[in-house]
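Down below is the structure, laid out as structure tokens.
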Amino acid sequence: MKSNVLIIGSGAFGSALAQVLVYNKHDVSIYGINEKELQSLRYEGTNHLYFRELKLVRQLTAVYNDFDQALNNQTYDFIILAIPSVAIAETLAKLQAYNLENTIIVNTSKGLDSNNMCSWYETIKTNLNVKGVSTLCGPSFALEVFSLIPTAVNIVGCDRSVLEDVKALFQNDWFFAIISDKLNEANYISCLKNALAIGSGIIYQTYLSTNPISAFLVKGVKEIKTILKTILKTDVDVDEYFGWGDIILTCTDIKSRNFNFGTKIATNGAQATIMNNKGTVEGYSNIKTIYELIQQHNIKAPLFSYLYEIVYNEANIKQLFKIALSDE
């Protein structure tokens, strides 16, 4: 069944999800603030900044640079939030002005709301009166999704009927949407794997070898399980697409913004990298949130603790591997 969809966010991932949805023959509109991206999407059917000459398989219904124009007198079955986490609070405040009682929100932002120490799913659910909320997460580089390369993600939430609707929206013969009710695990792992990816990038660039990065990831996953067991009071596995799938993707490939950010820290130092960075790197703020959780719950996690010292206090990068494995 054809749905009317608004994607808030005209960046790489918003454009990539638009590709999935127009392929599925839904009516898809995009709202964004980057005029170059919007012009490219509106007139050329692509997003040149990220995808060069690759095109959307079908035309978008509309492209907006005015929030009120995008929402006023419009009824959407789904609104997809494909924006950096720093923009969520402002976006939710704007959305509160509109009647969204029959709309399902699909969140794609990773990590935790550090102001409230909860998931973005919970923040959205608390602040909006909507039909339902879900989170889309898992191994999905935007370029590969836009290129129609086979991809599998998780659709996570609490309401099974909402998750079934979101699955039906996205699912096709190359994009697989797998339902999971492991909401807490997904939210925390999304945050932790972003931070781990920065560390992996540091390790990779420091040694340019696979032995240390493999060992580093094993230790990182051990610490992820320890952190989650302490916070969630139960054993947690990572055998989901948002788990091992996203960890492998994000922590081993230069196309990952967080991994790439880590390689630059290893080359130029943390503060210089931060000052010169122009893109969104969720893992940077995630590292601080994780450090606060570790301190709050008195968790022994030398890898994540020292990663915080590197990124925020310019600690010795060459000590990361040794200190990460210091309690093994």
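Note that the numbers count up from 1, one per residue, in the order the chain is shown.
Here the Cβ of each residue, glycine as well, is placed from N, Cα and C on the backbone.
TrEMBL: automatically predicted annotations, no manual curation.
According to TrEMBL, the protein carries these features:
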type	residues	note
DOMAIN	5-155	domain 'Glycerol-3-phosphate dehydrogenase NAD-dependent N-terminal'
BINDING	G9, S10, G11, A12, F13, G14, A142, R257	NAD(+) binding site
BINDING	K110, R257, N258	substrate binding site
DOMAIN	188-321	domain 'Glycerol-3-phosphate dehydrogenase NAD-dependent C-terminal'
ACT_SITE	K193	active site, proton acceptor
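A map of TrEMBL features onto the structure.
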residue: G9; record: NAD(+) binding site; Cβ contacts under 8 Å, 6 or more apart: I30, Y31, G32, I80, L81, A82, I83
residue: S10; record: NAD(+) binding site; Cβ contacts under 8 Å, 6 or more apart: I30, Y31, G32, I33, N34, E37, L38, L41, N47, V63
residue: G11; record: NAD(+) binding site; Cβ contacts under 8 Å, 6 or more apart: G32, N34, E37, N47, Y50, A82, I83, T280
residue: A12; record: NAD(+) binding site; Cβ contacts under 8 Å, 6 or more apart: N47, L49, Y50, F51, A142, L143, F146
residue: F13; record: NAD(+) binding site; Cβ contacts under 8 Å, 6 or more apart: A82, T108, S140, A142, V145
residue: G14; record: NAD(+) binding site; Cβ contacts under 8 Å, 6 or more apart: I7, I8, I30, G32, I80, A82, I83
residue: K110; record: substrate binding site; Cβ contacts under 8 Å, 6 or more apart: S85, C137, S190, C191, N194, E282, N286
residue: K193; record: active site, proton acceptor; Cβ contacts under 8 Å, 6 or more apart: I224, D246, I247, T250, C251
residue: R257; record: NAD(+) binding site; Cβ contacts under 8 Å, 6 or more apart: G279, T280, V281, E282, G283
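Here the domain 'Glycerol-3-phosphate dehydrogenase NAD-dependent C-terminal' (188-321) has, by DSSP, the following mix of helix, strand and coil residues: 107 helix, 0 strand, 27 coil. Of the chain residues outside the substrate site list K110, R257, N258, N194, A197, T250, S256, F261, T280, V281, E282, G283 have their Cβ within 8 Å of the site's Cβ mean position. Largest Cα-to-Cα span within the NAD(+)-binding set G9, S10, G11, A12, F13, G14, A142, R257: 17 Å. Close to N258 (substrate binding site) in the fold, though at least 6 residues off in sequence, lie N194, A195, A197, I198, G201, T250, V281, E282, G283, each with a CB less than 8 Å from its CB. The binding residues for substrate are recorded as K110, R257, N258; their greatest pairwise CA distance is 13 Å. Around the Cβ of A142 (NAD(+) binding site), the number of neighbouring Cβ atoms within 10 Å comes to 20. The average pLDDT the prediction assigns to the domain 'Glycerol-3-phosphate dehydrogenase NAD-dependent N-terminal' (5-155) is 95.
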